[in-house]
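Residues or ranges marked as 3-phosphoshikimate binding site in Swiss-Prot: 25, 26, 30, 171, 172, 173, 203, 325, 352. Residues or ranges marked as phosphoenolpyruvate binding site in Swiss-Prot: 25, 96, 124, 173, 356, 400, 425. According to Swiss-Prot, the active site, proton acceptor annotation covers 325, on the basis of sequence analysis.
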């Protein structure tokens, strides 16, 4: 798929089958960093093979961490108390799950580092995290526009003078980065570290993932709801020996959606009713839209209407603050709803791999949908009968745009996906797996 300028989607009628999900991106990159910071060796299984994880693995190797060869999703990492390499230039692509946590860890450890990424990464805000780290005395310099990468880290005097405050309304990754790095400083300073959240914390399920994984590596965080988090002075990461990565719940959303609009059943394995990922809640969104959703240990299955034969999903008006990535799938499903659909509280879309509100608005209109949008909301009215239009869908160098709009193949219009290779960020084989579930229209 890499290098293809476009992919013409076959007109789809039915979808059924089973998909073994690739590992979660959010969990994979968190576990890689935690394993590097922990005492002892950690064998990781089910690791996602993607651009973002390759960026993190390369950075850890560059920082002197002993990282084994990756084979069939398995890799062994020997933890270090502190990164052996104290001077480096790290290129981190467009991987927020690598850039933000590494910024915090490097800033609190000390050394001289330069962190950069692709042009879009340099448009994604990091100022709130930098402001919080400077409260610890970290020396961080913006090498371009203030508030954004690239960064130079070094030259500060790290200290703990009291609680550190971080803004929570832009990205939960800022709090995740501070939480993951804090045990290193707590133990070195001999002081408890408290992080206080300012404003409304978005994407709370991703913080739950962070706290869950920290606990598996031996660090329990005391918390006061969503307002304050305290890491004890004796906190220390310890490798669990072996760590299995769950399947990616955000990726599951596309396949579960196929079952909801293509009759089904479509079953995903690797996530289930016991998942630690918030995006499994997308299955409840599908149920509210009329899909039959079933759960088991390590699996979720959907059945639904056949939209290619005139079936329709129920329209929705919902707050998607807790599942912003899977919400993109819901926006595309609005093409097949029985009325206008409204997605609220999705302001975080503006600072993702692209401005996703603008991108979704633009591409849904190409297909004939009536679309309105604002700072943190999107409303989609399905195309009128006879109103569907053939479209070349721009993916905006955003893997989730490409995967979401694969669902448009169940409509009556011809759909071409531009730059389909952008799915390599999280799921290089997505379109092959997708095609294996479909029955084409005659």
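One is the number of the first residue shown, and numbering goes on along the chain from there.
Positions of Cβ are set from backbone N, Cα and C atoms, glycine also.
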Cβ-Cβ distance under 8 Å to residue 96 (phosphoenolpyruvate binding site), same chain, at least six residues away: 121, 124, 171, 173, 352
Span of the phosphoenolpyruvate site, taken as the largest CA to CA distance across 25, 96, 124, 173, 356, 400, 425 (Å, rounded to a whole number): 19
In sequence order, the binding-site residues (356, 400, 425) whose C-alpha falls within 10 A of residue 203 (3-phosphoshikimate binding site): none
Residue 400 (phosphoenolpyruvate binding site) as reference: those recorded positions from 25, 30, 172, 325 with C-alpha within 10 Å of it: 325
Which listed residue (356, 400, 425) has most other Cβ within 10 Å, given these are binding-site residues: 400
Shell list (phosphoenolpyruvate; ref centroid = CB of 25, 96, 124, 173, 356, 400, 425; cutoff 8 A): 94, 95, 97, 325, 352, 353, 398
Conformational class of the residue listed as 'active site, proton acceptor' under the three-state DSSP mapping: helix
Cβ-Cβ neighbours of residue 30 (3-phosphoshikimate binding site) (radius 10 Å): 24
